[in-house]
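Student: Please find one structure pasted underneath; my questions will follow.
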Amino acid sequence: MAGGITDTGELYSPYVGLVYMFNLIVGTGALTMPKAFATAGWLVSLVLLMFLGFMSYMTTTFVVEAMAAANAQLRWKRMEKRKEDDEDEDSSSGVSDSDVLLQDGYERAETRPILSVQRRGSANIFEITERVEMGQMASMFFNKVGVNLFYFCIIIYLYGDLAIYAAAVPVSLMQVTCSVTGNHSCSVGDGTKYNDTDKCWGPIRRIDAYRLYLAAFTLLLGPFTFFNVQKTKYLQIMTSLMRWIAFILMIILALIRISRGQAEGHPSMAQLSGIRNLFGVCVYSFMCQHSLPSLITPISKKKHVNKLVLLDYILILAFYSLLSFTAIYCFRNDTLMDMYTLNFTNCEIISVAFIRYFLGLFPVFTISTNFPIIAVTLRNNWKTLFHREGGTYPWVVDRIVFPAITLIPPVVVAFCTHDLESLVGITGAYAGNGIQYLIPAFLAYCSRKDTQLVFGSGTVNKHLSPFRHSFWIVFVLIWGFSCFVFVTANIVLSESKL
C-alpha cells in the first residue's frame, strides 16, 4: 500500500508519531493563551485547561476507534466483492478456491468468509492500514443530513482558521514596524497602549498600516488558493524548528525576568467574564481531531497508540501551563498582547535586536507557510460538499468561484477586526466545539452501531476507546451542546451590557 498512507508512502515509529502530534497541536492557539489565562484568572484557567485537555483526549480516542471501524468496513466490502468474483469465476471455469494463490497476507484473510476471519481473530480486520479521512468516515457512518452538517462545521472552522491567520500576520507586522515615537521595536511590549487611530508613519495611521499589510498578505498568498500546493517535508521541519526556538526562548526569557525579581504580573484567581474566550482558545489549542487520520495511519505499530496519545496530551498540558504561568507572572495583565510573541519586542526584556525581531516576526513566517495549505483544504471541502456523482464543474466554477469564496470571506473578517483573542475564542467555541466534541462522539456511536450490525455483537474493535461505555458519548454530547448555549448566552449578555 505504498503511497496510499502518506504523501511519501513512508511509515514512522510510534515515538515519531508522538512528536508529529505534539507539533500539530501546539500552534497558533498557544500564542493567544497567555492573555486568555490572565483575563480568566490562573485557577479557573488551570482547571478549565486540564478538563478540556481530558475531553480532547477522550474524543481523540473516539476518532481512532472510528478509523479502525472504517478500515474494517472497507476490508469487509473488498472481501465480499472478491468472494462474489470468485464464485462467478468458479461457476464458469470450475476453478476451486484452493487454486487461487494470493501474495499479500491481508488479502488472504480478506478473501475468506467473514466468520472465518472472526475465528482466526477479528483483531486483524480492525487494523488501521488505510487513511480514512473524517469526511469519508462521515459518509460511511452518517446519513445525508449528518454528512452535510459535518462539512458545514469543518468549513466554518477552516474559515475561522484563515481569518485568524489573515489577521495575525498584519498585526505582527504592524506592531513591529509602527511607532508613535519612531522606535516601536523597543516600545511595543512596555505597556504603552496604542489606538488604531494613532500615527504609524507620517499621516499613515496604525489601522491603515494594518490594512496595507493585510492587502499585501492577500496579494502575495491569496493566489495560491487558485492552485494546488503541497506541504513538503522540509517546510514542516523548518516551521517546527522555528516554533520550538520561539516557544523555548519566550519561556526562558520570562523565567529569567521572574528570577531577577523583575516580574510585574499579579494575576487574579478567577474572573468569570474571561471564561468565554478562554474556553474557545483552549478548544482551538487542543485541536487535532480533523488531522488524526493523516497522523495515526502511518504509525508502524499501533498496539499502544492510545497510551502514546495520552502521553502527548500530558506533555502538551504541561507545556501550555508553563508557557501561560510564566507569562501571567512576568507581565502585567494589561500589557499582555493578543499575540504573546509581541511582548518580547521590548528592549528592556531582551537587548539583542535579532531575537526581538525574530520573536516579533515569528508568526509571519510560520503562519504564511500554513495559510495556502488551509485555503486549499477549505476549497476542496467546498468542492466535495457540492459534488454530485458523475458530475463535473465548469472551468469557471472550479478555478474561479470556489477559490474566490474560499479567500474573500476570511480577508473581509480580518479587514473588519484584528482582535485575535476574540477570533480564536469564537472559532474554537463554535466550529471547534463541533469538530472536537460533537462529531467524534457521533462517529463513535454510529461506528459501534454499524460494527455490531456487520460483524455481530461479539466482535470487539481492537482500537476501542478506553471510554467504551455509552455514558461517555452521552456526556460528551451534553457537554458540547451545553457549551454552545453557554457561549452564546455569554456573548448576548456581554453585548447587552454594552
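Glycine too: its Cβ is placed from the backbone N, Cα and C atoms.
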Student: Among 164-182, 278-296, 411-429, indicate the range for which TrEMBL gives the feature transmembrane segment.
Tutor: 278-296
Student: Under an 8 Å Cβ to Cβ limit, what residues of the same chain, 6 or more beyond the ends of the transmembrane segment (141-160), are close to it?
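Tutor: Cβ under 8 Å, 6 or more out: 66, 69-70, 134-135, 290, 374, 377-378, 381-382, 384-385, 409-410, 413, 423, 426-427, 430-432, 434-435, 438-439, 442-443, 446-447, 450.
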Student: Contact between the transmembrane segment (210-229) and the transmembrane segment (278-296) is defined here as three or more C-beta pairs under 8 Å separated by at least 6 residues; is that satisfied?
Tutor: no
Student: Under DSSP, the domain 'Amino acid transporter transmembrane' (20-67) has how many residues in helix, strand and coil?
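Tutor: Split by secondary structure, the domain 'Amino acid transporter transmembrane' (20-67) comes out as 45 helix, 0 strand, 3 coil.
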Student: Please report, as numbers and ranges, the same-chain residues at least 6 past the borders of the transmembrane segment (241-258) whose CB is under 8 Å from any CB of it.
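Tutor: Same-chain residues near the transmembrane segment (241-258) but 6 or more away: 23, 26-27, 30, 319, 322-323, 326-327, 329-331, 340-341, 344, 349-350, 355, 358-359, 362, 365-366.
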